[in-house]
Amino acid sequence: MDLEGDRNGGAKKKNFFKLNNKSEKDKKEKKPTVSVFSMFRYSNWLDKLYMVVGTLAAIIHGAGLPLMMLVFGEMTDIFANAGNLEDLMSNITNRSDINDTGFFMNLEEDMTRYAYYYSGIGAGVLVAAYIQVSFWCLAAGRQIHKIRKQFFHAIMRQEIGWFDVHDVGELNTRLTDDVSKINEGIGDKIGMFFQSMATFFTGFIVGFTRGWKLTLVILAISPVLGLSAAVWAKILSSFTDKELLAYAKAGAVAEEVLAAIRTVIAFGGQKKELERYNKNLEEAKRIGIKKAITANISIGAAFLLIYASYALAFWYGTTLVLSGEYSIGQVLTVFFSVLIGAFSVGQASPSIEAFANARGAAYEIFKIIDNKPSIDSYSKSGHKPDNIKGNLEFRNVHFSYPSRKEVKILKGLNLKVQSGQTVALVGNSGCGKSTTVQLMQRLYDPTEGMVSVDGQDIRTINVRFLREIIGVVSQEPVLFATTIAENIRYGRENVTMDEIEKAVKEANAYDFIMKLPHKFDTLVGERGAQLSGGQKQRIAIARALVRNPKILLLDEATSALDTESEAVVQVALDKARKGRTTIVIAHRLSTVRNADVIAGFDDGVIVEKGNHDELMKEKGIYFKLVTMQTAGNEVELENAADESKSEIDALEMSSNDSRSSLIRKRSTRRSVRGSQAQDRKLSTKEALDESIPPVSFWRIMKLNLTEWPYFVVGVFCAIINGGLQPAFAIIFSKIIGVFTRIDDPETKRQNSNLFSLLFLALGIISFITFFLQGFTFGKAGEILTKRLRYMVFRSMLRQDVSWFDDPKNTTGALTTRLANDAAQVKGAIGSRLAVITQNIANLGTGIIISFIYGWQLTLLLLAIVPIIAIAGVVEMKMLSGQALKDKKELEGSGKIATEAIENFRTVVSLTQEQKFEHMYAQSLQVPYRNSLRKAHIFGITFSFTQAMMYFSYAGCFRFGAYLVAHKLMSFEDVLLVFSAVVFGAMAVGQVSSFAPDYAKAKISAAHIIMIIEKTPLIDSYSTEGLMPNTLEGNVTFGEVVFNYPTRPDIPVLQGLSLEVKKGQTLALVGSSGCGKSTVVQLLERFYDPLAGKVLLDGKEIKRLNVQWLRAHLGIVSQEPILFDCSIAENIAYGDNSRVVSQEEIVRAAKEANIHAFIESLPNKYSTKVGDKGTQLSGGQKQRIAIARALVRQPHILLLDEATSALDTESEKVVQEALDKAREGRTCIVIAHRLSTIQNADLIVVFQNGRVKEHGTHQQLLAQKGIYFSMVSVQAGTKRQ
């Protein structure tokens, strides 16, 4: 049951630190970056030319808009004069027709000229925008191609020690994500940046040259806008920090609970934990609502200020026009140029951000590229002897792994191997056997001493040459995802088919290969998954032999095989050894009997040498290992196939340093394990998203149904907000209309004052409606977020233990889901609804008004708008779809990179780094060519959308002039229609880009609904089932068959029958993994058996109420998990069905031998125990756990290795406490230390999920069976 501690401990710790560091990190996180110019260190002269020309084009493109405003201003003046003239005409009754038509012909001619100007600017923009985007994309694509190749080359060049300290998964991420970040940062985004800057400068230059007074007035308002934005940002960010902190607290609770889920389930703490979580969510909701209020006041205020600035600008502008200093066209030119210039600064920020990200990513990548390995497999230097005999010597070698420098593995190893000899290395796990093999290949260099071949220090020999004369077969051979023949070819580049066949015959693999349908061309699958262990191993041997190596290194080459395969492979190995210097490492000593020399390792040095018979006489390490293995074999003759497992268990028992050895083994196998985890991670992520039924928008909305009043108000405000844009268009055109009529200055003054005030009124309305819209949706969203998190967490706590065993449901994954899913759903519901309503209202009102004022022009515009909109959509799609397509295309090269990086040891042993590098470069060709092609396509679509606007202006105003000339519309109406439709369309475009990612939200909602609706097999919340009034405490297991749901192929219990009478103590013993802890978990009903029955007082426990059943069991496990609260609360956690009084807590503490210790603490029972009880020692934690189990006064006590983690002294104290606790209760004890269970009423010995022996301590000793040998092994190790 210490499973959970082990499984979730790591995840929890990581996330816990994340939470704490979050706020500190934000303050001081200044990631190292590379300098601006060194970002382009891989550009050649052509790339530089592309970038320079692209920048020039961007500057030209950026100047387009302000220049267009110049044209627009002059054009307005002409229209305004025409309006004045028309007004004048209509006042003169007696008018000559010639003047009239002549004048209007002039107007049309002028407009034709301006249409050409517009089109000219449009054409310039078309070309410039294309060059800007495609050239920057081309330059980026070419540089990224080089960076990818360089980076992969750099990785393939590093030595193994470097890989020990760098995470394999992280390197893959760098190859994909970080390189894409650089690509994002140095491509078209830089062009966009220069474009924005050009717009900014041109806008202000136009503004100051055409009318500096008005420019200064507009500029005077800008700081107010900027300042208010800064103040709001500050307030908001403090709220955000508070909100994050509250969520972090809630997250920490969730994490603590999920990491300790078995403890929570066993003690029925779900309700308590839910309340604790809910309390933190309440706090977060409160802050979130405050934040919504603040945020929306700030948005409203921003609109108020913007409209107010319009009012001021137009009021001052009309003053200037009336005094005759400016024309109305000048006012418009200045106003729009400055406005466009100011906005363009904001548009530059994504580019700046992308470039900053790229600099951060480049720092890590360039650091790896520039890292010079200490053992360079690409190096040409070093001696290449003509003739190698194969005499090996290790002279006084000391060594520790770079990832754990403090742990010394070899401590002065001396070993000589004559040419052609076979030397076997034996010893406990972790004594340094595999390390010698790795030093031989020069995967590492010794810290002291030297390794020599034929008397030459291997450090003077060329690295590649050295590795080419060595053949290696390891415990878990790595095959690559290609054909059998190709796999063998990895042994040596230019090997012929005959040589391959010869090697395969020597490796005893020829027959099984010829039986395969495609023979040598059979694909072996990823990591050789299509083949059995024995087949893989023989192909690996063939691969080693095809090199025709002088030296053969066999690192436990048969340990992973069953008896039959082992015999075949062993024969192959014996063949292969002939005439070669061979070093063999083996756990199964039967396989090394016939070695020339057997060397016994202990603690990093060789303590004995000789052949089998000599060493058996010496009665040293070798003798001990052999006797242990044979003892095991006698016991389980009928189970010979499981021999390796029990032998390893025996070894573990016998070796005191098995802990450190496990760590060492982990490090060797890490590259293999890591990669499998990686695969699993990928596939589970895919599985996660594939297995989820999609949900509709309404289904998501239903979750928020109770907040309908908020939605009504919000939608109403959104409609008003949508109508504000057309209202703006009307006022805007009316103000200009003032100057197209011949009124006396006083009337003009009054009218312009009126319209300026109306602008202000718009601002005030928008302040109110934007605030209300945001606040209502925000509040509803916060309520929803809280509700969803609560429901999801409640549902998680309801699931059974097998659900938590699923690798998809690790603590980390579940807490992330709790944090992200609800937030994403909230973003999509509220704001999405608001955005849709606002857009419909905006365009709808705009189009209706336009049709009223001028249907002909409206129709023309409505024909153009979709083209602009479609182009915009295409561009957005291209941008987002591009990223996906790029990812897909790079998957091929990613697979090669992943395979090479994850199996780097194998790649290095086979000296195939360059082959992989070549394959990687090949796989980049297609994506590279496509990226160049895409640069042009992207350039064309971008330039089209940019230029379309200019062309539509040309068409619109030329047609407008025609309508004005033929008196079908007034210029005022032309402007109104134009502003209403175009601004409407623009606003819709902008708002859509603000809409949060709806697709993500749908997936999140689907996750949420799936979890909420999932009913577990064993429902902890269930109220059904029997609840007997009394409980005796008789437990019976009848023919129980069971395996864990996550490992269905590994049987755990195979027909177990057991019986414990009330008040008896039953002890379970046996090797690791034989099913002892499983018995306890079945009794707690964490799982149900597949067959057979578990009975309590003769009633099947499936029929009892789950909560009731668990309430009568008290459990103490090997690593008890305490919660981050006081000692008293931790003890009281034992009974969550009621309020436990202080007296009971003290009584339980006394029974558990811990009361005196608690009283000695300054805060006594109120002392906080820290996260997972870290403030206490193991023995103290264990006794608090015992007190916790006793508080519920259980009828049955389950002790799962309750003292195994303690030192001798603590163990004695805890053992006394347990002996006290057992009195008068049925008790099931699991123990590795047999001394602790000698006085049990019944001892049961487990093997392979069945009972092998049972009786009292004395009876079992007399039988001289498994129990006897276990006791003697333990007594032996103690004596040592």
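The count begins at 1 with the first shown residue.
Yeah, the Cβs are placed from backbone N, Cα and C, and that goes for glycine too.
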Practice task
Report which of N21, N91, N494, N809 appears in Swiss-Prot with the annotation N-linked glycosylation site.
Solution key: N91
Exercise for the section: Annotation N-linked glycosylation site in Swiss-Prot: match it to one of N99, N296, N704, please. Expected result: N99
Handout entry: Of the residues N94, N656, the one that Swiss-Prot lists under N-linked glycosylation site
Key = N94
Problem - Membrane topology agreement for E325 and A965 per Swiss-Prot - result: yes
Fill in the blank from the handout: Taking DSSP helix as H, G and I and strand as E and B, the topological domain 'Extracellular' (733-756) has 18 helix, 0 strand, 6 coil
Exercise for the section: Take a look at 117-137, 216-236, 833-853, 935-957 and tell me which one has the most Cβ pairs under 8 Å to the transmembrane segment (712-732). Expected result: 833-853
Exercise for the section: With Cβ distances under 8 Å as the criterion, find the stretch in 45-67, 216-236, 935-957 that has the most pairs with the transmembrane segment (187-208). Expected result: 45-67
Fill in the blank from the handout: Near the topological domain 'Extracellular' (317-330) in space but 6 or more residues beyond its ends, with Cβ under 8 Å, are 72-77, 80, 210-211, 213-214, 735-736, 738-739, 745, 748-749, 752, 756
Completion exercise
Reduced to three DSSP states, the topological domain 'Extracellular' (317-330) has 9 helix, 0 strand, 5 coil
Fill in the blank from the handout: The average per-residue pLDDT within the topological domain 'Extracellular' (317-330) comes out at 87
Exercise for the section: Tally Cβ pairs under 8 Å between the transmembrane segment (757-777) and each listed stretch (117-137, 216-236, 293-316, 331-352, 935-957), then give the stretch with the top tally. Expected result: 293-316
Handout entry: DSSP-assigned states of the topological domain 'Extracellular' (209-215) in counts, ordered helix, strand, coil
Key = 7 helix, 0 strand, 0 coil
Problem - Residues of the topological domain 'Extracellular' (958-973) by DSSP state, where helix covers H, G and I - result: 11 helix, 0 strand, 5 coil
Completion exercise
Listed stretches 117-137, 293-316, 331-352 vs the transmembrane segment (935-957), most Cβ pairs under 8 Å: range 117-137
Handout entry: Tertiary contacts of the transmembrane segment (117-137) (same chain, 6+ residues out, Cβ under 8 Å)
Key = 50-51, 53-55, 57-58, 60-61, 64, 67-68, 71, 187-191, 194-195, 931, 934-936, 938-940, 942-944, 946-951, 953-954, 957
Practice task
Six or more residues out from either end of the transmembrane segment (293-316), which same-chain residues have a Cβ under 8 Å from its Cβ atoms?
Solution key: 214, 217-218, 221, 224-225, 228-229, 232, 235-236, 239, 331, 335, 728, 735, 752-753, 755-757, 759-760, 762-764, 766-775, 778
Fill in the blank from the handout: Contact set of the topological domain 'Extracellular' (958-973) with the rest of its chain, CB cutoff 8 A exclusive, min separation 6+ beyond the ends, reads 79-80, 82-83, 86, 104-105, 107-108, 110-112, 114-115, 733-734, 736-737, 740, 853-854, 856-857, 860
